[in-house]
Structure formats: structure tokens, C-alpha cells
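Single-structure report; data block below.
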Amino acid sequence: RIGTAALAVQVVGSNWPKPHYTLLVTGLCRFQILQLLKEKPYPVAEVQQLDRLEQFTNGHKSEEELGELSEQFYKYAVQLVEMLDMSVPAVAKLRRLLDNLPREALPDILTSIIRTTNQEKLQILDAVRLEERFKMTIPLLVRQIEGLKLLQKTRKSKQDDDKRVVAIRPNRRITHGSITEDEEEEEDHDDVVMLEKKIRTSSMSEQALKVCLKEIKRLKKMPQSMPEYALTRNYLELMVELPWNKSTKDRLEIRAARIVLDNDHYAMEKLKKRVLEYLAVRQLKNNLKGPILCFVGPPGVGKTSVGRSIAKTLGREFHRIALGGVCDQSDIRGHRRTYVGSMPGRIINGLKTVGVNNPVFLLDEVDKLAKSLQGDPAAALLEVLDPEQNHSFTDHYLNVAFDLSQVLFIATANTTATIPPALLDRMEVIQVPGYTQEEKIEIAHRHLIPKQLELHGLTPQQIQIPQVTTLGIITRYTREAGVRALDRKLGAICRAVAVKVAEGQHKEAKPDRAEVGEGEDCKEHITEDAKPESISDTADLPLPPEMPILIDFHALKDILGPPMYDMEVSERLSQPGVAVGLAWTPLGGEIMFVEASRMDGDGQLTLTGQLGDIMKESAHLAISWLRSNAKRYRLTNASGSFDLLDNTDIHLHFPAGAVTKDGPSAGVTIVTCLASLFSGRLVCSDVAMTGEITLRGLVLPVGGIKDKVLAAHRAGLKRIIIPQRNEKDLEEIAAHVRQDLTFVLAACLDEVLNAAFDGGFAVKASLEHFNSKL
Ligand code: ADP
């Protein structure tokens, strides 16, 4: 219950990078707590002063009383100080202090200067009687003197250093109020020594070692309260942690790799084939100076997960670096250490995370890199990906080269259009198209459902999802090229079933037909895929009678709500002036309705639906071509004139107005839609089309045929009109999809119109044969 009263002289510190404060106090006197008045928010107590202040001024009395003791103490103190280097100003000052200060103050001051443990210091503070204090401090002084003698004897050469250690201490003599500080300081000192040891034993490059040793030298001289202290320490710790020479051993065996890839992923044959080729070359030729693979395709088609499988087959660590929205090159290359809050880039950070220098890095979404004032991150990536340069990649933060040549980079993107050309040039693009319905069903049953069951703690004995239900989810609740939404919906179903199972409702309660899939009505929803035991055989199983819970369409509606997408194609094509086009988006293919209407006016063309410039031009082209061919096709406006825009306004609309659309491939659709409007005939309800047009009526090839065809197939369309020169693209489409569809290869617009309308589109004069010269 004894404390020291002190006067706070100065408070310095900062909250960054971690809160660190230094309190400078002047000790005044000892006191004793008589009564604690309150503890919060800070303690308040009634105290009694123990060593009187007058004692210091009126020193003669005590000197007489303790004469001998204090004289002895003084001698030791002088002996100690004289062993130090008097040329250091602090030591000279201390020597003067010994003479000037009252003897009573000396034990306190000297105890704070010499090497003592906190325990010993506290004991001195606790010693209220002066005599006791002298007696306790003398052995400590003697110990220090002996220690110094020994040191001077054994380490003559390092004498100066030791003096400095002791000599520096007088400056801090008044800080002894804070008890933990010394401990912390000693700990930190030990830490720095440890850090140095780690640096020396780590396997970093010569250049890095040189830099680190220089930094640690600086660190030793730096006071801890300096913000730079923490910065330098963080830097050195990172340098030690980096895997300079640590790598995992590749265990590459093509046969095993094939099995892993096949087990993890259904379909995607082309991609798997290319990946295996890549790995085979790696096996034969043990270096990585090949192109960087870049998987391009809609979201949720398994690009990331193939990357993960590659790491698995190689037995390497896997790390994903998301690049979407990164617009600052320091994100890749780090900040210079001069900046506040500087840190290394994502590449170096990733290496630190995985702890080896040969991981698989998946650069996710390279197409979503952005540019900004902070520089172009793509340019920084170029250096990372270039095998000629990346053995000496220099992160701004590290400021020394790090060898990235052992890292296997794989990139993913949704589209190549927005990847900077220089970056694209370094990569080998592998297209990953969307899945067909059949593939999705297989993926769901082989991979997604088992995964979701495991995630939700369910077993196949508790829940059964027949294939027809999966098809229902795919067609009515999702519209996507990949399987991500499907995965989420399956997750929702599993959650709902988990509740039922956990509630144990099955025990006695009446079976709820909608949820449980029991009863007469349900049977008609079960197809041949559904296992019959789900209804009847379960009675023989030890499970409760309603298990497994069968998910039928009713259950689906209960869990997921009413269907989100309907097969709307034929409905919407029930009047003239509507046609179905096929569009390509980074999310996969889409079907797109084009609507047209006409009204009285003065020949204006209105376009709505957020169209880009190219699409607007297509619309003008289409109108011009139809106007010039109006007579040939007997197209008239409302008043029967062949001048289609005479007293007529036309409005063309592309629904889903919030999505910006651009690209030339809607040309044929616009022509068909307008032809339907002016002729008053309906476009066949099962036809979709794509193709660019020219003013002379030729149909030019377009891109993304595979995705577009898959979208049409998903939407249940049967006939697809594509440009003749796109015929080669059909080879990429799976045979069973091709079987379901009829393809019309059109070289000119007449062929398109003939195919789009039932019974062809009448042409007055005989067709001259077009031959594309483009
Ligand atoms: P992406 O990176 O292309 O956006 P992901 O790799 O994240 O897509 O895939 C989403 C999910 O779909 C993952 O859980 C993955 O396992 C699954 N998946 C996608 N394609 C397949 C496939 N062919 N076989 C098995 N699972 C697949």
C-alpha cells in the first residue's frame, strides 16, 4: 500500500502503428494509502506522505544519524561512477550530482540507474526508513561494481559499449515510475537480438541480407517511441518471414493429374485437355518459361476451381489474388517505405501467406483491372508475369529483388475485351464456355448436391433431389451460363430440409405434403429418376417413415418461391414486330427480344434500351436496307406506301433496359423484327438469330456463337440462324445440343428472312445470287 507521488512532466507518443506512449514523471515522495475513496474511472484515495520533503533540505540531522552508512554508500556510488567513461557528458553530470544532491536522495536515484530487476526497485521504493534503504541499496551497488569489473576484465575491447549502456541510463532515471516500461524495453531489446539472429540464419539473398543488416543496425540505435521503429521492425519481420528459399516439392504425375481433374470437374473437356498438355510439358521440361494460362468464361463455370485442382495435382500451395477493381499499381508492387501506412503488394503478401516460393497464384478477374491516377496495375502485372523479368521482381516495399520464377501463375477473366493487350499477349487464353442443361444436371448430382449435403450435415438418406427437380431449378429458378446460382438454390433447399430434420417433425406430426413430398399428389411429380423407395420402401428402413424427404415441384415452390423465369418465348412472339436475337455478354449468352412498333409521324427512328453506338448504327442500317428493298418484299407503311418512313415513326426497343447493349450482332434480328412489323406477319416462335449486316444485305460473321447457341438451347428454341461463315464454330458445340437444334446458315438477308417466317418471305423478283466479297 505504498506508492510514489510524481509529477507528470511530459507525455509523448502516438496511436500509430500501435498505441505507444512514453510518460515522463518526476518522483516526489513516498506515500501510504489510508483509504481508497473510489476506484473508477481512476483510483482516488486519502494518502499520507511518508518521507518528508523537509528531510531533503534539512539533511544534516539524518546525515549524523546515519553517518557511517551514508558515507559508505557515497563511496560505492563514487566508485561506480568513476568506473564509467567520464568523457560522456551524462556521466560527468552524474558525478556532479553525487556531490550536490542530499545523500537521502541517492539510494532512489542510483537504484534507478544501475541494473536491477523491477522487484528490487520496488523493494527500495517500499523501504520507508532511510537506513533500511541505504542498507538495501549498498549490495546492489556492490553487485554492479563487481559486474563492471568483470566485464572490463573479460571484454576489454568492448569496454566502450558497456559504458554506454550504463551511461545512457541516467537520462531515464525519472521514468522509473512506469514499472512495465523497463521490462518492455528489455524484452524489445531481446526481440531485436532475436530478429538479428533470425536474419542471419535465414536463407535470404545476399542483397537482401545486406539491406536487413543495415536496417537492424539502424533499429538498434532508434528510440522505440519513433514511428519509424515500428516500421523498420515490421519490414525486417516480413523479410525474415518471406520464403526466400523454401519450396514444396512438385509431385507431378500426369495420370494422377488426369484423375484429379476428372474427379473434381465434370465436362469442360477442352479445358482439361489443355491443362493436361500444359502439365505434361512441365513434367518433361523442368522450367516454367511457358505462356501463362488464362481461363476466360462466364462466372461460375469452374475457372477458379480448376486452378485449385491444378495446385492440388502439383502438390503446391494455392493462393488466389482478386484483381477486380484494383486500380493502383502499388496494390501489385507495394508502396515505398517512405509512405505512412506503406505495405508490400499482393504478390509479396501472398508469398508470405503461403510460406513457400513456388505456389500456384490465381490472378482472378484480370479483365477487371482499372486504371487511375495511381498508375496502371496492368503494367505492374506485366513485370510479374514476364518469365524473362520476374526472377528479379522488385516490390517497392521490399526494395530488393525477389525471385518469382518458381511461381505458377494462372489468370481468369470473364472477357478478353477489357484485358489490356500487352497483358493478353503474355497469356494463353482458354475459353471456358457455359454449360448445357444436361451438363448442369450432371454437375449438380455429381458435385454440387453432395457438397451441399455435407455442408449442411445431411445424408442422402435424409434428402433426395431427383434429376427432374434439378432440371426444374435450372430452367425456372436460374438463368446463367455457370452453376453458381444453381449451387445457391441447392443450398437453400438443403437449409430448409435441415430445419425439418432438426426439428424432428417427422416423428409424429402429420406429414406435410408440400415439404415432405408424401401422399398421392406427389407421385405424379416423381419421374423415373426418383427412387421409388423414397415413398414406399422407407418403411423397411430404420429411419422415420418420411425419410428421405423428397424434393418435388411443390416443395421447390415452397422453398424457393414461385418460379422466377418462365418459358416466355412463344408468348412474346404472338404479334408482329417481335424477334428473338442472341447476344453475348461476359456472363454468357443471352436471348434478347427486339420489339418494334410504328405510329404516325415524320420519319423518326426512336431507339430505347440503353444501346451502344454500334447497335444504333445497326438499326439505321436495317431500316435503310428495308427501305431500299421495300418493293421487292412488298413491304408497306400503314397507308400502303412503299416508302416505309413516309408519315411514319418507328420505335425499336430492346427490353432489359438497364443493361447496356452493344455490338454488331443484332443486325439480322432488327431486320427480321422490322420486316415482321411492315409485313404484319409473325416471326416463327422457335427461331433465334444472330449476325451482322451490311448495307447491301450481306450477313457477316459474329463472335460468341457457342455461348449464344447454349443460351438459345436453354430457352428452348429450336432453330437458330447464324452467319454462314460461322459454320466452323458449330463444331465446338456438344453433339447432343446440336441434335436438338436446327441451324440455318445464312449468307444474305433474304435467307435470314426466308428462314425466320413460316413458309418463307415472299420476294417479288427472282433473287440475284449474292456472293460475299468481304
Ligand atoms: P468461376 O471461377 O468460373 O467464377 P468457380 O470456380 O468459383 O467459378 O465455380 C463455382 C462453383 O461451381 C464451384 O463450387 C465449383 O466447384 C463448381 N463447378 C463449376 N464447374 C464445375 C464442374 N464442371 N464440375 C464440378 N463443379 C463445378
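A Cβ is built for glycine as well, from the same backbone N, Cα and C atoms used for every other residue.
Per TrEMBL, the range carrying the annotation region 'Disordered' out of 168-201, 508-541 is 508-541.
All protein chains considered, the CB of G302 (ATP binding site) has 24 other CB atoms within 10 Å. For T304 (ATP binding site), the number of other Cβ atoms no farther than 10 Å from its own Cβ, over all displayed protein chains, is 19.
With a CB cut-off of under 6 A applied against ligand 1, the recorded positions P299, G300, V301, G302, T304, K708 are reduced to P299, G300, V301, G302, T304. On its own chain, G300 (ATP binding site) has E480, A481, G482, V483, R484, A485, D487 as residues at least 6 apart in sequence with a Cβ closer than 8 Å to its own Cβ. Ranking the recorded positions P298, S665, K708 by how many other Cβ atoms lie within 10 angstroms of each Cβ puts P298 at the bottom. For the binding-site residues G297, P299, the largest tally of other C-beta atoms within 10 A is found at G297. The residues near the ATP site, meaning same-chain residues not in G297, P298, P299, G300, V301, G302, K303, T304 whose C-beta sits within 8 angstroms of the mean position of the site's C-beta atoms, are F295, T412, V432, A481, G482, R484, in sequence order. Among the binding-site residues G297, P299, G302, T304, not one has its Cα within 10 Å of the Cα of S665 (active site). Of all the binding-site residues in the record (P298, V301, G302, T304), the one with the smallest CA separation from K708 (active site) is P298. A helical conformation is recorded for K303 (ATP binding site) in the three-state DSSP classification.
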